[in-house]
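First the structure, in the form of structure tokens, and then the observations on it.
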Amino acid sequence: MAPLIFLILLFLKISSSIAQGPPSPGYNPSFKISTLGFDHGFRTLWGPQHQNLDHGTLTLWLDSSSGSGFKSLHPYRSGYFGAAVKLQPGYTAGVITSFYLSNNQEHPGNHDEIDIEFLGTTPDKPYTLQTNVYIRGSGDGNIIGREKRFHLWFDPTQDFHNYAILWNPTEIIFLVDDVPIRRYQGDSDATFPLRPMWAYGSIWDASSWATEDGKYKADYKYQPFIGKYNNFKLGGCKADSPTLCRPPSASPFGSSGLSQQQYSAMEWVQRNYLVYDYCHDPKRDHTQTPEC
């Protein structure tokens with residue numbers, strides 16, 4: 001009986017720890033970047049009739065006629081890129097709400113991209129946050145993605161939460177409410193994006209793959225599908241900034257990498273909420289992703 005009681009108490013302790021969320025990373029890189037009004041950093045890219053800006057909050061929606069998207073006013077070669085996002089509850093299968101970096105308009109067919117994508121879902125399952133990195137056309141044609149997918153330790157439909165990409169010449173760090181969830185490093189321009197990129201956001205229909213590999217499609221009887229954005233942050237080195245420009249750091253030391261406390265928080269997230277890692281997918285050809 002004693003071992004059983006011990007196991008039950010251990011389970012309750014672990015469950016309680018998970019329910020409380022991740023340990024504090026001890027540092028908030030977002031505090032170093034000023035909030036930006038949408039019009040001061042971005043412009044409408046497509047679907048203007050499916051956008052509304054009200055008191056600093058941008059609402060995008062998708063219906064059977066169109067989705068919508070926006071783009072930063074300037075390209076950047078490194079920096080901190082963030083926004084607070086609130087997602088729609090209920091049936092959202094097939095719908096992607098995103099915030100990402102890309103140069104696909106500058107380099108069509110040979111572009112770079114760093115993604116935060118919220119993959120729509122059915123009411124009985126949580127949203128999946130997908131992080132991804134494409135390098136020099138690996139997202140074009142024969143797609144070579146570097147996806148890591150996570151569930152979240154909170155309900156992203158109940159309130160706004162901050163999501164960010166920190167990109168500098170040696171690393172990419174994905175953050176949720178200043179908690180690092182993934183760090184990606186590359187050792188050459190074949191495995192790491194180095195060309196300038198713009199920041200984008202969008203909502204669109206990706207029924208062919210977004211929800212359980214396309215098993216569930218967008219159902220427009222639930223339209224419109226809505227994504228809300230505010231607390232926009234853009235900080236770093238624009239493409240035409242002086243060579244001496246230094247990008248923001250994710251760590252309290254002002255250097256690349258993370259502090260030990262940040263690593264501990266990231267490991268907690270990956271231990272409890274990582275649901276897919278391209279490096280551990282036996283169906284993938286890992287000769288195309290040497291970093292694995």
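All residue numbers here begin at 1 and follow the chain in the order shown.
In case you wondered, yes, glycine gets a Cβ from its N, Cα and C as well.
Copied over from TrEMBL, here are the features:
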type     : residues : note
SIGNAL   : 1-19     : signal peptide
DOMAIN   : 17-229   : domain 'GH16'
ACT_SITE : E113     : active site, nucleophile
ACT_SITE : E117     : active site, proton donor
(request) Would you count the other CB atoms within 10 A of the CB of E117 (active site, proton donor), including those on all shown protein chains? (result) 20
(message) If you average per-residue pLDDT over the domain 'GH16' (17-229), what number do you get?
(response) 95
(message) What are the sequence-distant neighbours of E113 (active site, nucleophile), meaning same chain, six or more residues apart, C-beta distance under 8 angstroms?
(response) Y100, L101, S102, N103, N104, N132, V133, Y134, G139, P193, M197
